[in-house]
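According to Swiss-Prot, the protein has these features:
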type	residues	note
BINDING	41, 193	substrate binding site
BINDING	116, 166	ATP binding site
């Protein structure tokens, strides 16, 4: 798509601080390395500030929350807001947990660059009817007409923030633009951690100076296109998971990968 510029080669090996869960941390670390940056995962309140100060972007994922981790998240987010460090917040599980929803709404005061979630999570967060269960989106929540206007209003309230809403069609919404993106394959939903990986890749592109809108579009499209290249080969899920990381490192060598992004951008 002509709207975006190729982020590769990565200009500097940025340090990406991921506050994520134990299930997906290895995939995120390897995905960040595959793009040419460096990961760090620190969620102890006693040291989290030290690592955040050294980082070029912060990714907060609520996939495995505890009281101690919440304390660390608040410390890191507060610092990020003070120094304008690019920050991605992944609102995992807000459909099921009032604690998580309350935390995400508090984090909005720190003006994250990108707020990410699946369709049910984002509908729940902004006060729309939803049918999500646990951390999964519902097929009943894929209607976007009512959601888009609410998200635009939120972007006006939280100036500078973009929404990344994942689903069969991925939505990226900023104050002035909307992208509806169509790459991807069903197999990505069959292995754990791929949604978390999108958030981490968004942080990578933010560390390279991309806006929240562009970083979100690039991240979700990059992973989806990598997966499309694999699924045509036909393989089991464990091999598919391995090849996702493999393709992430290979796709960046393709100078024309942006041409394979499916979707539209609207002003």
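Note that the numbers count up from 1, one per residue, in the order the chain is shown.
Glycine is treated like the rest: Cβ placed from N, Cα and C.
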Give the distance between the Cα atoms of residue 166 (ATP binding site) and residue 41 (substrate binding site), rounded to the nearest whole Å. 24
Inter-residue C-alpha distance, residue 41 (substrate binding site) and residue 116 (ATP binding site) (nearest angstrom): 19
Cβ neighbours of residue 41 (substrate binding site) where a neighbour is any other Cβ within 10 Å: 17
